[in-house]
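S.K.: Not my notes, these are from TrEMBL:
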- A:59-79: transmembrane segment (TRANSMEM)
- A:109-127: transmembrane segment (TRANSMEM)
- A:147-164: transmembrane segment (TRANSMEM)
- A:209-228: transmembrane segment (TRANSMEM)
- A:297-320: transmembrane segment (TRANSMEM)
- A:364-389: transmembrane segment (TRANSMEM)
- A:437-460: transmembrane segment (TRANSMEM)
- A:480-497: transmembrane segment (TRANSMEM)
- A:517-538: transmembrane segment (TRANSMEM)
């Protein structure tokens, strides 16, 4: 670089060089005096008309916050009144549950939409000058405190939108309708009033609000649907969906109907093409009958997708307009400087008046940069979304394995699946972690891919087009004997290993010609060191790329298997799975529901006696004849042994094992019968 | 940065700014004309006296290459003549084996020394202008070809130094003595004659030859020792050591003497201190009785250590003298420029005449850079050496586990331990890969640690000393409420999880207060996203650091466990283990040796009948009474079942399993009885 710049300066005649420098310096000072220390925001604001929406954010929040609070209190009282006649103060006091994360409810889309609104609000408030809309025009010193307060304010503000659905009453549905319509109308009105804002890029504010508006539109359609269904007599199905009984029944049916496994016997005859197809299909999440992803995972994927949108939008509007402005404002004086530094090739000496061609080259380079940036951003978004879909597939596989007790199919070491302090904390923050990791993963990928694509463009594509700056091709041209040697050495070793050093028997292969093997090993040692350097570079590249691409996947540890739980993401995932499997196992939930039905046959009209009988039949497929006690005992023992053999992870949960803390780490296996 | 530079320019009065620029530009051109396009090497050579050693490298190689060839041919004939009377042309024709890598010989240090010489020669030839000493003053265009030829020339040149020991005859030892003395004397003489050279740094050449000279000194002491021992009647022990029988016997004895395991029962009562001690001890390789690291591993660690020395030396002499020269040549004009760019703090306006204090600051900064560089280099070398020691411990553990058949303690999936084409190629290049990875690992670590230490110095240490450039402290000061919020949120969640959401029973913990859990989960979602961002940064840092530090370890895959064999280093290691375990299992070797002894009782005097009997006793501890056939059969089946149960990896080697290609991937376990 330094050699280039000095070379460029040396080429230019002295007079011109000085003239150029003087011009530049005076230009610089003029620029300085014209715009003294103005932040970029205000530069843009000069062309964007000032705009005050009819409903200002402050007015909106000042009105809606008390309304939300009133709705919340009202709903609490409503729930209380409905249960008051059963037990006076031991009913359900205090706050309403936002969503039953561990039980299957019907309104998964609704909950996901509210979490999407919440995350989008977080994105807006982090970059905003007035994080708390109730307090307009906050000063620099107090802004930090308002931001912290806003972190708690927004969840509380949108709380009623969730609670209205969880209560499951007509009045609450009506409230939900009104609230969501209000929010939706106000947001759309604000953005129609003022589509442009001076922040970062004129349309950034509008674009970043799109997820919020879409989620609100979803809510304002969902609540009316719930309300209408509650009136049109579909109460039974509704109750089924609210309590999740529909799903649990489906899951049980899917498990108990032993379908013949297709293709398990024809596995060997699979062609390469079909295996590639299967591999690609493992990246695409297709819903499976009888299995449903838990609510928390749905939330995490939804917010992660919104995170990808928000981060990609920010990356796009923060850089691309700037490059475009620089390209439009490129002058011949700056081109002279670039030519002098050797960054732009030029045949003629650096005269500022005669730089038309070089100016076009510079503009072309800037355009290439822009294209690289956008291409890598698109690639990153696609990759991150693909990985998020893939992570859903992995979650489903892991959950199914754990539901069946195959702990070692999921974890490297045996784990006891029961709640603990860490597990609860990880479960609470799982969706947030997934979202944050998607943001960071996209950022890391964008940095890596942008550098790679710029390198590829400026070292391969542009030299091929223009025939200048062919550094890379010169290096390759100089070094081709070296590369050829390495390739030949590797091929020779492979051929020798196959034809000389390996004796092919019918079933086994044996080592042969040992002395020749030792001689080749010794003679090729220096060559192999160079091959090893290439392998090392490949190791670096592949591990870096793999980790960058899979950064957003929590189900994969980025560390070696012996220390994999030191990865905070994987650690959170493992603990999340523990809570999810131990607390919301579908079979257990179905069993609990049946017990509840048995305990109160006078319950809601949805729970009929026929269902109970059906459940009992499901749980007890055939009657055991009460005969000799010894036979029963031996049979029970056999069943126990068989169960433990097939689910060795259960041994860790047995009473004797539980009192022994070392039982945790022992390696057990899942030997399928 | 841009804002700073413009600010600096703005502060300086116009006149001074222009004067400074003019001075600089004229200085620049003077500098240009004084040294037109001279590479740095020649700048240094002006002060280093030209030096021609009495024995030039060309003369040395022209003389020694034919001598080496003659020794090689002579030794070949010697071996032939010794075996000629047994079978005329089916004896041992052609080249001698350099070293029996798969059998245990006694001269491990000697082989390691020759490989050390070889690798050091490779380092010298890669950077040298005359890679092939036989061809002095090669031109730029042909140099590549000579380098490639030199890759094969050096192993051939040092071949006799190895072969002399492998032949195991008095004459060959004598030849080895003479050859090693010759090499050693010539190398030392050359370096005493001309300790300085213009390449990179005046003493670089001498320092880079130190490993070669040390290895040659070792050889020229080892060969006389071998020669003397061959005369003083210690033939029996010698033969034992050459054929490695001593080691195999020791290994068998160590296995068959069932020592009581210390501390296995007292494991639970271990204190934290002792566990930390144990962990640290697992990083230090202490030789264990009855177990010996295979020769290839000894070679790989030796060359890796030499690689660390050579790379560290190169990194040191390429940078530190340059920084020192820059520091010594720092003028006030350059300081003005640095002050204008805002890189150096200054109270006074930028006047070139009055910059004494700023000049000292710049020199102090440069000195700090130098200190950072050297500190990080020392840290890297220590870490890499520690990891190489650790890798030895891991190799031993893995080999011991595989010798016992515990495949799944080492590999994640079941492997069949038998030779294959890939396995042979990986085995051949294993030592070279280990060496190359140590080089690359050191480089990567140096880059990372240097950046970190410079960041720490200039953001923390220097601001604390001088009170300027306190950017980091300002950021921390501004953001402390934010950090505090995150810490409080994490603590609150942990406390709530422990005291509120978890019900502690006697044996099990159960989830409690579900609704409160859901509410806290919902309300803290935005806060947890920010915690997740920190966790993501930590994930990035820890995976990057872990991979950089463990880059030189081949026994660890840098990828996730599901794709770990895509890591070229780990892939090579796995295959290396297959060959090593299947071909040089100590018990198998001992058994083969006994078979050989039985086949030719008239063999060398070292093999006595008593040894054979001892071996038979070892292999067959008690006689099985020949009774009913049915009983025997059932017993055999029971043994088979028991063996397969305890060593499930063996099932993959059974005849029916071998014909089934899918048996490879099934997950099996090692259930200890």
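Placed from the backbone N, Cα and C atoms, the Cβ positions cover glycine too.
No curator has checked TrEMBL annotations; they are predicted automatically.
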S.K.: In terms of Cβ proximity under 8 Å, which residues at least six beyond the ends of the transmembrane segment (A:109-127) contact it?
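M.R.: Same-chain residues near the transmembrane segment (A:109-127) but 6 or more away: 98-99, 147, 150-151, 154-155, 158, 161-162, 165, 199-200, 208-209, 211-212, 215-216, 218-219, 222-223, 295, 298-299, 302-303, 306-307, 310, 314, 431, 435.
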S.K.: Out of A:147-164, A:437-460, A:480-497, A:517-538, which stretch touches the transmembrane segment (A:297-320) the most, going by CB pairs under 8 Å?
M.R.: A:437-460
S.K.: I need to check the long-range neighbours of the transmembrane segment (A:147-164): which residues 6 or more away from its ends have a CB within less than 8 Å of a CB in the stretch?
M.R.: 61, 64-65, 68, 71-72, 75, 96-99, 110-111, 114, 117-118, 121-122, 125-126, 131-132, 134, 172-173, 175-176, 179-180, 183, 219, 223
S.K.: For the transmembrane segment (A:480-497), what are the same-chain contacts with Cβ under 8 Å, counting residues 6+ beyond its ends?
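M.R.: Sequence-remote neighbours of the transmembrane segment (A:480-497) are 516, 520, 524, 527-528, 530-531, 534.
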S.K.: By Cβ distance under 8 Å, which residues at least 6 away from the ends of the transmembrane segment (A:517-538) in the same chain are close to it?
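M.R.: Contacts with the transmembrane segment (A:517-538): 482, 485-486, 489-490, 493, 496, 500-501, 511.
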